[in-house]
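Scroll down for the structure; my scribbles are underneath it.
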Amino acid sequence: MELGGPWAWLLGLPTAVVYGSLALFISVLHNVFLLYYVDTFVSVYKINKAAFWVGETVFLLWNSFNDPLFGWLSDRQFLSSQPRSGAGLSSRAVVLARVQALGWHGPLLALSFLAFWVPWAPAGLQFLLCLCLYDGFLTLVDLHHHALLADLALSAHDRTHLNFYCSLFSAAGSLSVFASYAFWNKEDLSSFRAFCVALAACSGLGFVGTTRLLRRRVEAAGREPGCPALAVDGGLGEEELLVGGKEPGGITLGQYLRQLARHRNFLWFVGMDLVQVFHCHFNSNFFPLFLEHLLSDHISLSMGSFLLGISYVAPHLNNLCFLPLCRHWGVYAVVRGLFLLKLGLSLLMLLAGPDHLGLLCLFLASNRVFTEGTCKLLTLVVTDLVDEDLVLNHRKQAASALLFGMVALVTKPGQTFAPLLGTWLLCFYTGHDLFQQPPLTPVGSAEPWPEPPAPPPARAPTLRQGCFYLLVLVPITCALLQLFTWSQFTLHGRRLRMVKAQRQNLARAQTLDVKTV
């Protein structure tokens, strides 16, 4: 059925806008999830500490291994295609498969989001099941969405153009954090639940509509010679690039892992990104705590809510400024500059102390904004690693989703370590246990980790002091580790230009092979 009437203008939207709008439907759910899921289970459902840590530990394993698992299931057909009658998979077929997967998994992500906000099982069991279910669908959506970035465009300029719209729509989706404050009430979640149902409905319907539109664009680009190319750089225009035509078979998972183990830039990148993921989620998990104990006596409740909300929106808006810098200076230089800025601001804050409230407010906001902004830029680095992987291993088709999955295998543990290590450090330094209401010395009970010894009460640092040192020492440590690992990464400058040129030459050669068949 063709779109007509008032909806016909949708067909004329640029591909970058259609692709970027998918980020809106992810962001509108995920930011609310990050902000409220821990508070809901700890403060509302009263999950005990042992169940919380067991759930996070199981989630750590699932969160790490589902990315390469789903990536392999998605991309093994591209690596192992055995064409018949001289026909292979096309680049357009790869894109269509990813778009179709987004159309199914997006609405399922919205449904799994709703499972958090109504108690339907014992708190520990519900915590575990909800986390694993939600993260499974989020992984599927993220893998295919990120893989499309590498499949729709090749040049750095076109990929930053696509990423620009992702940041723009992600910022719009983050506005759901502001709206959530009007509905959040720990004593009565009924209004908040209705709000979450509305968010899930908008997200699910958005995924369905956007993927249908994107699929229509892909199919139209193949049927109509006069139709504008789907890809930003024209890679999916009138000519289909057949892949797998000369491969008698594909590679095994073991062979693929051995190839990655020899991919030097991949190894240094995931080491740096592990620290980055940890720092991003540390900020997300503890930002409300820092606001409460460092600034609550000096700013109003509405001001605190505003700071918390803007911390989710500003990284995306800030990224809109970083992307032009990436086009001019390259992603490598911009990311290195952000690491240096993080280190410099943290050292300045450590020297100033917690009583300089203006500087403290600035540091709280900038630390989160720049850290999250760096995370957004690293997606572009992974697409460059996809290109290098294809060139180094002479692949017929880029295994985009699989490489994104392998990156997540190594880096996603940082997401789980952030709340565990943060709560443990705070308890170790101050004796304050976030799971105790009020914070008293816990009664002996079975726990997955031994309870850290609390300092003597007379000499124990205050909770405010503990929060301050946690706030500044974590980014200092992260910045030093990242500057070292990033200095070993060589996929930039001349080497990156060589990789891009070789991939373009490979694409032209394969296209000529197709034309001669």
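Cβ atoms are placed via backbone N, Cα and C, with glycine included.
Of the candidate ranges 299-317, 394-412, 413-431, TrEMBL annotates residues 299-317 with the feature transmembrane segment. Within its own chain, the transmembrane segment (7-38) has Cβ neighbours under 8 Å at 102, 106, 109-110, 113, 116, 130-131, 134, 138, 141-142, 145, 148-149, 152, 161-162, 164-174, 176-177, 180, 184, 192, 196, 199-200, 202-204, 206-207, 210-211, 213-214, 216-217, 230-232, 284-285, 288, 308, 312, 316, 419, counting only residues six or more beyond its boundaries.
Beyond its flanks by at least six residues, the transmembrane segment (266-287) meets 34-35, 38, 260, 308, 311, 364, 367-368, 371-372, 374-375, 378, 381-382, 385, 389, 403, 406-407, 410-415, 417-419, 421-422, 467, 470-471, 474-475, 478, 481-482, 485-486, 488-489, 491 of its own chain at Cβ-Cβ distances under 8 Å. When Cβ-Cβ distances below 8 Å are used as the criterion, the transmembrane segment (190-208) is approached by residues 21-22, 24-26, 28-29, 32, 36, 102-103, 106-107, 109-111, 113-114, 117-118, 176, 179-180, 182-184 of the same chain, each at least six residues removed from its ends.
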